[in-house]
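Here is the structure we will look at.
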Amino acid sequence: MFIEPGIDQGGAMGAKSSGWIEVICGSMFSGKTEELIRRLNRAVIANQKVEIFKPAIDTRYHDTNVVSHNENSIRSTPVQFADDILLLTGNSDVVGIDEAQFFDKELVAVSRKLANSGKRVIIAGLDMDFEGEPFGPIPALMGIAEYVTKVRAICMKCGSVASFSYRLSATKDKVMLGEKNVYEARCRKCFYEDFDPKEKL
Ligand SMILES: [Zn+2]
């Protein structure tokens, strides 16, 4: 489990001396958003000012809430561009960003600016897309973050530890109801058994 850095470790919980960046990444169904919400809720309990953002394109569940699969949710602001976050953070202590893989590359500069101005920045997102390739700004964010947590799912085919998001063939699906019918968490073996990177067009 992630333990927030204390002042004795050079962190700044409550001390306002320095900000930092945390990245929570992993495949679909790995509990990224749950972990983001857990960290944010603890900051809220400590009376820290928390702001949460998500890309406006992610409207799978609800327009204004960061919602995880267990329906444990927390209010968030949908924004079009990463730059918008800078205008909306104000005097917040903690900035949470969900589904960060869908943001433009500006999110890297935005996160750096926020952390440099003394804020704790917690970013959650997919580290790989459905082709097993690094996803959007997440790899660069992992590079500049102080803390990186890779969470893992359980392979829905064999039960091993899963790091990949396998997209089930759309043609096999009669109805695409939700992400549970569209994606499966897969281990490396089961992912590449059914996905050939050379098939890319
Ligand atoms: Zn497997």
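Every residue gets a Cβ built from N, Cα and C, even glycine.
A TrEMBL annotation is a machine prediction, not a hand-curated record.
According to TrEMBL:
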type: ACT_SITE; residues: GLU99; note: active site, proton acceptor
type: BINDING; residues: GLY26, SER27, MET28, PHE29, SER30, GLY31, LYS32, THR33, ASP98, GLU99, ALA100, GLN101; note: ATP binding site
type: BINDING; residues: CYS155, CYS158, CYS187, CYS190; note: Zn(2+) binding site
type: BINDING; residues: VAL175, MET176, LEU177, GLY178, TYR183; note: substrate binding site
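Where TrEMBL records a feature, it is marked here on the structure.
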residue	record	Cβ within 10 Å
MET28	ATP binding site	23
SER30	ATP binding site	23
LYS32	ATP binding site	28
ASP98	ATP binding site	26
GLU99	active site, proton acceptor	23
ALA100	ATP binding site	28
CYS158	Zn(2+) binding site	12
TYR183	substrate binding site	18
CYS187	Zn(2+) binding site	23
CYS190	Zn(2+) binding site	20
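When the CA atoms are compared, the recorded positions lying within 10 A of TYR183 (substrate binding site) are MET28, out of the candidates GLY26, MET28, GLU99, CYS155. CYS155, CYS158, CYS187, CYS190 are the binding-site residues among ALA100, CYS155, CYS158, CYS187, CYS190 whose C-beta comes within less than 6 Å of an atom of ligand 1, given in sequence order. All chains included, 22 other C-beta atoms sit within 10 angstroms of the C-beta of CYS155 (Zn(2+) binding site). Under DSSP, GLY26 (ATP binding site) is assigned to a strand (E or B) in the three-state scheme.
When the binding-site residues MET28, LYS32, ASP98 are compared by Cα distance to CYS158 (Zn(2+) binding site), the shortest distance belongs to MET28. The Cβ of GLY26 (ATP binding site) lies under 8 Å from the Cβ of LYS32, LEU126, ASP127, LYS150, VAL151, ARG152, ALA153, SER163, each of these being in the same chain and 6 or more residues away along the sequence. Ranking the recorded positions SER30, GLU99, ALA100 by the distance of their Cα atoms from the Cα of CYS187 (Zn(2+) binding site) places SER30 first. GLU99 (active site, proton acceptor) sits 11 Å from MET28 (ATP binding site), taking the C-alpha atoms as the reference points.
For the pair formed by CYS190 (Zn(2+) binding site) and MET28 (ATP binding site), distance between Cα atoms is given as 15 Å, rounded to the nearest Å.
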